[in-house]
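Chemist: Positions annotated as ATP binding site by Swiss-Prot, on the basis of sequence analysis: GLY170, ASP171, ARG172, GLN173, THR174, GLY175, LYS176, THR177. The site 'Required for activity' annotation in Swiss-Prot covers SER363, and the record cites sequence analysis as its basis.
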Amino acid sequence: MVTIRADEISKIIRERIEQYNTEIKIVNTGTVLQVGDGIARIYGLDEVMAGELVEFEEGTIGIALNLESKNVGVVLMGDGLMIQEGSSVKATGRIAQIPVSEGYLGRVINALAKPIDGRGEISSSESRLIESPAPGIISRRSVYEPLQTGLIAIDSMIPIGRGQRELIIGDRQTGKTAVATDTILNQQGQNVICVYVAVGQKASSVAQVVNTLQERGAMEYTIVVAETADSPATLQYLAPYTGAALAEFFMYRERHTLIIYDDLSKQAQAYRQMSLLLRRPPGREAYPGDVFYLHSRLLERAAKLSSQLGEGSMTALPIVETQSGDVSAYIPTNVISITDGQIFLSADLFNAGIRPAINVGISVSRVGSAAQIKAMKQVAGKLKLELAQFAELEAFAQFASDLDKATQNQLARGQRLRELLKQSQSAPLTVEEQVITIYTGTNGYLDSLEIRQVRKFLVELRAYLKTNKPQFNEIISSTKTFTGEAEALLKEAIQEQMELFLLQEQVEKN
């Protein structure tokens, strides 16, 4: 017969009791009351934070935006077709954040930083909050380095500096995206990381931009964040913040970044849709009262950091679409007041064949010549004034029948200056080439040519200087100044090229 030893049993029981540990896990849960149109109303979730992520039973993630006395309004990051009334929801205790790393360069991702280009996962060991506070006053320094766009009209008269916010505004089909993509192409070799955020665009338009960047080798230093027109409003609203978080990751690592939001009108519309469905009170044009804050907290994240923080920068080029040139609508006026200047693209100029269709008269940069190299300041100083006087004269000349010689000369000069500002798409020019072009125009060397010959002559002159006078480019790039020696070289080249050009034209005529 087996004897039961009490001491052994009590020892085992004692050990088991010591090993037992109570682990209580408290989960903040709620119940779905109503779901539809990308919005869910949740009962419960008493301790949820504003902007906290919540998880539904079937895996959909949402953001708690409306914290009301009886329920919580949640916007869904997906279609939410499988969510049922009465199903449970749990609060995650996290605010929206995305993984960040160098691995994102050259990739196309969505607003949740998931790759959508079919090239596999992106590895990252770090994450950033989608909504981070903007750098404070002490963390910044004033903008002083140029960010060259490669477009003469912008770099000479509406200069953009690293850390600036410059709005690109105009009607649909006036070349807003073209200005932005040309700026990305021009950053090749400039050690600038570019982030292109497409909000509510056609998938075909985004694909076209990505193809252009790939063909020109610009995807190496670019990240594309895309939420197309068929994406849920929540993701269209989040996409710009995702792009900003990625750009900030590089900015705080002492790098220079350029971010393009294409476009903020679509983001505002997505936010309006969400707000109205959440039954927030509508304001002007049915936008909610905090639509200004929507854009200001995004654009304030662009900055030029102080030397203590490593002098990184984030330059923002937001795009806003106007309806038949109405700049006084709600969203355009909001974004104009937040940014440091605007580039206004006009449909009339575009249709008249002036491309890029920049209306120089009402475009401004509030950073101004602080964001230009000395050589550009030296040659471009009188360009804006001459063009403004020409526009005034041209309007007056339509009514005058006989004009004196001086007025005729001024009109002829203005037409040639307007001609030299024209550029083909995806053909950005270096600063040296821009200096050559502007100097030739403002000093009257083009006055003897017919208007149709201007562009051809300038292309040949730039090529001639590159091959026959390489020291000109060296002087400008090393000293950043248009020295007397550089001017002498340029004058020489213009005379030599002009003789060649006129001979060539003569031969072609005969």
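The chain as shown is numbered from 1 upward.
For all residues, glycine too, the Cβ spot is worked out from N, Cα and C.
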Chemist: Sort out the sequence-distant neighbours of SER363 (site 'Required for activity') for me: same chain, 6+ apart, CB within less than 8 Å of its CB, listed by position.
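Modeler: Result: MET157, ILE158, GLY341, GLN342, ILE343, PHE344.
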Chemist: Within 10 Å of the Cβ of GLY175 (ATP binding site), how many other Cβ atoms are there?
Modeler: 20
Chemist: Helix, strand or coil by DSSP: which one applies to THR174 (ATP binding site)?
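Modeler: Note: THR174 (ATP binding site) is coil by DSSP, not helix or strand.
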Chemist: When you tally the Cβ atoms that lie within 10 Å of each candidate's Cβ, which of the binding-site residues (ASP171, ARG172, GLN173, LYS176, THR177) has the highest tally?
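Modeler: Output for this query is LYS176.
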Chemist: Determine, for the ATP site, the additional residues of the same chain whose CB lies within 8 Å of the mean position of the CB atoms of GLY170, ASP171, ARG172, GLN173, THR174, GLY175, LYS176, THR177; present them in sequence order.
Modeler: GLU321, LEU345, ALA347, PHE350, ALA357
Chemist: Under 8 Å Cβ-Cβ from GLY170 (ATP binding site), six or more apart in the same chain: what's there?
Modeler: LYS176, GLU321, THR322, PHE344, LEU345, SER346, ALA347, ALA357
Chemist: Can you tell me how many other Cβ atoms are located within 10 Å of the Cβ belonging to THR174 (ATP binding site)?
Modeler: 27
Chemist: According to DSSP, which of helix, strand or coil covers SER363 (site 'Required for activity')?
Modeler: coil
